[in-house]
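> Annotations for this protein, taken from TrEMBL, read as follows:
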ACT_SITE  89  active site
ACT_SITE  150  active site, proton acceptor
DOMAIN    190-284  domain 'Peptidase M20 dimerisation'
């Protein structure tokens, strides 16, 4: 990661960048509507293709959209290069844009998915376009990965992400910059492992008034398990276990002893060893009450993204580029997962949170900051041109 002349053209235009982001945001892409996501992916495919990128479309499955891989026309295809990771899907349902159109209020530009992460995804495209228009080639080949299902766990894209990570020397993840721990506009250098589980308690149904003693209340059994699960949270060790949803009984029928109760569980752990420990403890849970059973399904669905020496070195390099460009680049760790978890777990030095700055991911006040568009683009270009 030695230095070289960085692309620093005056023609990087924040207004033009915002116009491109707006075009992408105005194509609604809820994760579960593959056809909707593909409307955006076809636009992105055309935009990259017009700039000479080699295009590979990986068909989606299970109702999710296609994934895209673009490769720069320069560099040896067999050489390990830079992997730029983006996602096209958002958490927002159809119709959100009609209620909350893209609007600007001073430095803040609001819109569904504008911060997480269409803003950052567009910066990746714009940076590539800038290199092509300036006639510049990077030392390493660059591969751009756009997936369609990140917001719902990357189940259909994980294998592709991991395959592309094996071809990468570095991974740059265009998730948005974060504000945390009193710091603003941070990049991310560590993310916790994420686990998802379903716990199902089975009991015996009975009439609550006539034969209550014959029933075995699955909800009662599940309540014991919820307490055991929540007790696994250990803030000092960076562990959280959260029972986030429960289903039991039949609404309007309190006179029935329920024979089934289901809990959805999320855990976050700072490293692979701790994640393995907590997963084992969850799977080891046993029923408490007589004549009840308990089944546990699930496991770790995003491995830990740990701040190892490779990540630290990549961050130091990025911070130096930012300093030369005139701004600070603080780092932060977070409990939220991203596709950077997969690249980092493959041993690829990964830098996340390189997208636009702002706030409000998954919330009605989601916005990017207009003032971040140019510096974040220049930072990305600096990384692309200097990594070797």
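Even glycines carry a Cβ here, placed using N, Cα and C.
Fair warning: this is a prediction, and the values are worked out from it, not measured in the lab.
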> Give me the Cα-Cα distance between residue 89 (active site) and the residue listed as 'active site, proton acceptor', rounded to a whole Å.
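Distance (Cα to Cα, whole Å): 7 Å.
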> By the count of other Cβ atoms within 10 Å, pick out the sparsest of the active-site residues 89, 150.
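With the active-site residues 89, 150, fewest surrounding Cβ atoms within 10 Å: 150.
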> Mean pLDDT for the domain 'Peptidase M20 dimerisation' (190-284), as a whole number?
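A mean pLDDT of 98 is what the model gives the domain 'Peptidase M20 dimerisation' (190-284).
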> List the helix, strand and coil residue totals of the domain 'Peptidase M20 dimerisation' (190-284) as derived from DSSP.
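For that range the per-state counts are 31 helix, 39 strand, 25 coil.
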> Where does residue 89 (active site) sit in the DSSP three-state scheme?
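Looking at the DSSP assignment, residue 89 (active site) belongs to neither helix nor strand, so coil.
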